Every structure is written in structure tokens, then in C-alpha cells.
Amino acid sequence: MYRFFFDFSATYVGVGMICPYIINISVLLGGILSWGLMWPLIDTKKGDWYAADLKPSSLHGLQGYKVFIAIAMILGDGLYNFFKVLSRTLTVLFFQLQRKDATGALPIADRSSPEPSRISYNDQRRTQLFLKDQIPTWFAVAGYVAIAAISTATLPHIFPELKWYYILVIYIFAPALAFCNAYGCGLTDWSLASTYGKLAIFVIGAWAGASHGGVLAGLAACGVMMNIVSTASDLSQDFKTGYLTLSSPRSMFVSQLIGTAMGCIISPCVFWLFFKAFKDLGTPGSQYPAPYATVYRNMAILGVDGFSSLPKNCLYLCYGFFGAAILINLIKDALGKKWARFIPNPMAMAIPFYIGSYFAIDMCVGSLILFIWEKIDKAKADAFGPAVASGLICGGWDMDFA
């Protein structure tokens, strides 16, 4: 019942070999805490905290605790890191603006570096080439306005609940959030696009209201926001790759456009293939339950209906785990790098709360394999570990239970 088993999934064993040890341990701890302790205890409250005759999938029963407590931890961790990255971004920007005249000048072709001894010839060459082939600002602004106009005109026909003025508001505020995400991702190597998407769910869902399709409007708005914000960080990473490889920024941008255009065709085809091949796609308990679809849908329901939709005592548990996620992050940051690597990750702990613990054991098996391999021959483990992990993942490409 509580899905504590090892299903011999090569995919998750490979993922465990790639993921850091603390992530895999965090997933296992989350599985033990939820499926080993909490859900069996809450199940004993059936008939007291929630009705005993509810369907297993009802959000007013045990399923509600699984979903909303996981959401609380995800939101707590996401919001903490959002404000952490935002504050760090603004701080770095402030000091860069303060020092730009003294040390911020780049060694471009028509201006010498104020500190030539600190910049190697290769870095000077990369900077010259990168700045020489810039994308005009007018082109970027015109392209964004054109895409915003197209989206504002077409999306309401696809999702009638998503009004044109919702989309317009998203496109007005998205550039600032996209910049924060791209800059923060560059500083921390962590994209928070999903956090901005959750923000759109709550804002647009509450704005639309339950009587005007707020759930669907919030989910559609989340898709729009995540696409804008994540594209900014992805493109920035591509530009960094172009900078390091002496590639033209324009060529990287065109490559991104081509890849996006291909994705617009390939992704729906792949989805349609799965949709037609598996009749129970997205159904809880099936081979492909699409757990995050349920999580995001229930976020939208929470944003529209408020806390009245939660089962008894679920709100207090959500408060506790929301605060626990923030507290864990505070402790991790306070301890410093030496000890922070031993502190579990709240986001990773939250994942098995809803999905189950089966993949946690698989991932820890992957960590164990890599750990033993490193003890035997660390050089070969570092060199061939990712290749072996990729082979295991590709061998189980369909990602059962994903």
C-alpha cells in the first residue's frame, strides 16, 4: 500500500549515479518520513480527520495530505531560494554598478582594459568576439513585443478561461522575473522557473476566481510564465557556451530558435504517441501517473478555493512543513559549505511525499554503485560514471512512473 519497494528500474539507478549523494539521501529520508511514518499514522485517523468512505484519489482524504504537504515543502524551499537568489542578484548588481567605472570596463576592441594583467589573452579574445557580434536591442524588444501580441491574440482561443488581459499582465512583468531568474541561475546554477510558474498559478487563479475557470486559467498562466522565464536562463547558458567556445551569439540564438521550432512539432507528436498508446496516461496508479500534473492542478485549486478545500489538520501540517523547509535552508546556509553538504534538501525530500519511495531506493542503489566504484578506482569512476549512468537511463528511456 505504501509503495516501499525496489522495482529494479535501470533509469532511476542511472539517475542516482548522476545525482549528488545528498539529493538521493534526501529523497530516501523524505520517503521514510512520509510513507514509512506519516501516511500510516494519518491513515489510522480515517473516520476522524476525514471520511472513511472517500475514494483513494479524493483530495479530502489521505490523498489531500500527500499532495498539499508536498506542495507546502516545495513552496517553502522554492520561496526561500527565490528570495535568496533575488537578494544576492540585487546585491551583486548594486556593487557592480558602484564599481563599473573603476573595474567593470570590459576589454573590447576600442577600449583597453584597466587591469590588463588580470585578464588573459584568451579571455580578451573571447570578450572581443562575443561583443562584436551582438544582437541589436531593437531586435530583442521588437521580437518580444511581437511574440506578446501573438500570444495575447491566440492563447484565449486555445484556453478561453485565460483572458487576454491576464496574458498581457504576464508579459509586462515577465521580463523582470526572467532577468532575475537568468542572473540568479548564473550565480547559483539553479533555475527557479517553476517557482515563478507557481506564483502565476496563485495570482491568476485567484484573480479569475472559481466561477470563471480560475483553475484552468492559473495552469495556463503557469505555462506561459515558465516558458518565458526558463527560456531566459537557458539562452543565457547558451550564450555562456558560445563565449567559451568562441561562437557567435547570433549563431547560438539562431540555434535556439531552430531547436524551439523543432520542439513545437516534435513535443506534441511525442505526447500524442504516448496519449494514444497508453489509455491510462495521467491516471493515478497507472504506469504513467504524471504526478506533477496533479500537484500543479491542486496548487491551482488551492489558489482558487482557498484553505477550505483542505482536510482536517492538513493546513497545520502544511504550515509546519513549510516552515521546516525554510528552517532547513537557513541551517544549511548558516553552517557553511563544510557542513551544509550533510543537510538534506527540502525539495528532494518533498518529491516522494506524493510519488512514493520506490525510486528513492533505486537512486540510492545508484549512489552505492558509484560510491563503491570510486573506492576501487576513483579516476575511472569519474571518467566513465556519467557514461554508465547515461547508458542505464537510455536503456530505460520510457521513465516508468515518471
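The backbone N, Cα and C atoms fix where each Cβ goes, and this holds for glycine too.
Look at TrEMBL and you will find 21-42, 62-83, 135-158, 164-187, 199-232, 252-275, 314-331, 351-373 tagged as transmembrane segment.
For the transmembrane segment (135-158), same-chain residues at least 6 beyond its ends with a Cβ under 8 Å from one of its own Cβ atoms are 164, 167-168, 171, 175, 220, 224, 249-250, 253. The list of residues near the transmembrane segment (252-275) in space but at least 6 beyond its ends in sequence, with Cβ under 8 angstroms from a Cβ of it, reads 135, 231, 234-235, 238-239, 241-242, 281, 288. A Cβ distance under 8 Å defines the sequence-distant neighbours of the transmembrane segment (351-373), meaning residues of its chain 6+ beyond its ends; these are 2-9, 11-19, 21, 23-25, 27-28, 30-32, 34-36, 66-67, 69-70, 73, 291, 294-295, 380-381, 385, 389, 392, 401.
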